[in-house]
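Sequence annotations record features per position, and here Swiss-Prot assigns transmembrane segment to 20-40, 44-64, 77-108, 123-143, 214-234, 242-262, 267-287, 301-318. Feature annotation from Swiss-Prot assigns FMN phosphoryl threonine to Thr187.
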Amino acid sequence: MAFRIASSPYTHNRRSTSRIMLLVLIATLPGIAAQWYYFGWGNIIQVLIASVAALVAEAAILHLRKQPLAETLKDNSALLTALLLGVSIPSLAPWWMVTIGTVFAIIISKQLYGGLGQNPFNPAMVGYVVLVISFPVQMTSWLPPVGLQGITPSFADTLSMIFHLHTLDGHTMQQLQVGIDGISQATPLDHFKTGLRAGHSAEQLLAQPTYSGVIAGIGWQWVNVGFLLGGVFLLFTRCIRWHIPVSFIASLAFFATLGWLLSPQSLVTPMIHLFSGATMLGAFFIATDPVTASTTNKGRLLYGVLIGLLTWLIRSYGGYPDGLAFAVLLANICVPLIDYYTQPRVYGHRKGK
């Protein structure tokens, strides 16, 4: 009896790219739900606009490159890029901003390099940085959370604000940003940094309504908890490995604690660093991008530490309130060097001189 030996590979991984991307999309739901509860419908609408822009941009480039449309569009990578960008920008940013950022992310940062798996930089963060540099005022115009809003926009008001720059009653973004205390609101990180530079003490800032009874700003801490829960889901389902999120969070916590102990009157507290801004979103959904992150276990640890350090430095001494996007892109640049020096030893080969 003759036996036929099948060719390799001899194992089959049932997890396709589209399935992994779908699980990541599902994992973002707790964080998005917290955003919706505290900040309204804005970010959900931004995600929908970004998704349409991403699919159209990807389809257009694939058509120009004469690549198969259906197979590529079904891998869900464009939708994930759109979602990450949609939840990262202010909820009432004009529709054309998220469209510009998404189109730039898909065409320039992804397809220009050959598509999924070829891009050296995280596409969503490239799109975000383009928007931050080009439209700094709009990209720092966040609504106060529920409970601190002087005017709470409805779903119809949110749509009108995004597409027409005013609510149905004629309120502008500047009016919506003013909280119940009559003070224009910002993210906890931005609010804290601005207050410190204005001469207020950390104790005075922490006593303000934004931080009343919470560890990192009303609303924002629960948004981060939501993305943390989603990250645990990704770890449990083995969609990501633990090295990058753990080393990133540990690094950020270490440097934030060290800086705060040395200069408590001029630097943000460690808990605000950990549970404000895009910390947990970055730790589990952005920094863990398998295409642009390090590929070795030691390299992943170094990569996470580097992002944590850069995030703390930019947040503490830079001109932007949340430096995560810049930190991730700078770490992306270092990935080839990190991988080169952290490759495991190959036995049976003499080490080159």
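The backbone N, Cα and C atoms fix where each Cβ goes, glycine too.
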Contact between the transmembrane segment (214-234) and the transmembrane segment (20-40) (at least 3 Cβ pairs under 8 Å, separation 6+): yes
Selected stretch (most C-beta pairs under 8 A with the transmembrane segment (123-143)) from 20-40, 44-64, 77-108, 242-262: 77-108
Non-local residues, at least 6 beyond the ends, that sit with Cβ under 8 Å of the transmembrane segment (77-108): 17, 21, 24-25, 28, 31-32, 35, 39-43, 46-51, 53-55, 57-58, 61, 116, 123-124, 126-128, 130-131, 134-135, 138-143, 153, 158, 161-163, 165, 173, 176, 278, 281, 285-286, 325
Remote residues contacting the transmembrane segment (242-262) - C-beta distance under 8 A, at least 6 residues beyond either end: 231, 235, 268-270, 273-274, 279, 282-284, 287-288, 293-294, 297, 300-309, 311-313, 316
